[in-house]
Amino acid sequence: MSQNSNPAVVLEKVGDIAIEQRPIPTIKDPHYVKLAIKATGICGSDIHYYRSGGIGKYILKAPMVLGHESSGQVVEVGDAVTRVKVGDRVAIEPGVPSRYSDETKEGRYNLCPHMAFAATPPIDGTLVKYYLSPEDFLVKLPEGVSYEEGACVEPLSVGVHSNKLAGVRFGTKVVVFGAGPVGLLTGAVARAFGATDVIFVDVFDNKLQRAKDFGATNTFNSSQFSTDKAQDLADGVQKLLGGNHADVVFECSGADVCIDAAVKTTKVGGTMVQVGMGKNYTNFPIAEVSGKEMKLIGCFRYSFGDYRDAVNLVATGKVNVKPLITHKFKFEDAAKAYDYNIAHGGEVVKTIIFGPE
């Protein structure tokens, strides 16, 4: 493709993805960088917008460029840029907060009410040839870390953030409900942080088999447990812990029965982190939360230092993200990539779309 073109993967409307030409972005802020996007992972949120046109309060009202799990190469820098240079390979943190909110000043910029997050309406995403980013939301990829691995840093950062929230350390016994990309990486980070037991729970045997590449010490298939069988599910998981409860439970599925079972699996005084996005409302045993004096913590994306730490985990070999990638597509086949993810959800873990040539 021409250096003077900027092809983009655009969600025109629900169920309609097209490749169209967008203007090549021009650096106007001296602290910004122009990037050539090299690899982008498909996220569940992209699929949700494609199928239904909205997530919560974020509704697709106009065509939007998809993608937010990306890596790229610096091709131009603003006059004030000092952290990166032309030619650097980087992972791109896709959410940029305001520089003035209380949340940002507190170091919790992921909670900034003015966050501009890629591929969250009305903000365009990263599935383009050229993309602009502030320099302080880029993390350089060390030699030996590929662009594909760099694209996996985004979901890995969620795993880093959730483990920090939970305080996982050496000896922690962990259960992860949901062995999708974020669940697998959350468990892998737990092992890297020192957890001695990491049990994955999912409905697909192939995903549980893959969990062994992400630090699983044991797995449990939950496909037979309906919503009213949460206690039975919790009992089954606890047997794998010698009849004990878990110190930390990460709920990464968003499924009602798993949320309920996660509470029941958490020990007295333990911690449950709700990582997965489920329905707006769900039923769970709140009396048990109080009676156990357990911590129930929400988790939203990632914040200061999480991207940096995620890159370091990959670069040092403490977390191997390569087994996460199950499918790869060329840029011009992006629409096929999304349709394939929908049609083969049980076998797909992470799909990578390469940048345009």
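Just so you know, glycine gets a Cβ as well, placed from its N, Cα and C.
Binding of Zn(2+) is attributed by Swiss-Prot to His68, Glu69, and the same site annotation extends, among Cys43, Cys112, to Cys43.
Take the Cα of Lys207 (NAD(+) binding site) and measure to each of the binding-site residues Cys43, Glu69, Glu154, Arg301, Tyr302: the nearest one is Cys43. Same-chain residues that are not part of Cys43, His68, Glu69 yet have a Cβ within 8 Å of the Cβ center of the Zn(2+) site turn out to be Thr40, Gly41, Ile42, Ser45, Asp46, Gly67, Ser70, Pro94, Ala118, Ala119, Gly125, Thr126, Glu154, Pro155. Neighbour list (Met277 (NAD(+) binding site), Cβ cut-off 8 Å, at least 6 residues apart, same chain): Ile55, Gly254.
Taking a C-beta cut-off of under 8 Å and a sequence gap of six or more, Tyr302 (substrate binding site) has these contacts in its own chain: Glu93, Asn110, Ser157, Val158, Val160, His161, Ala310.
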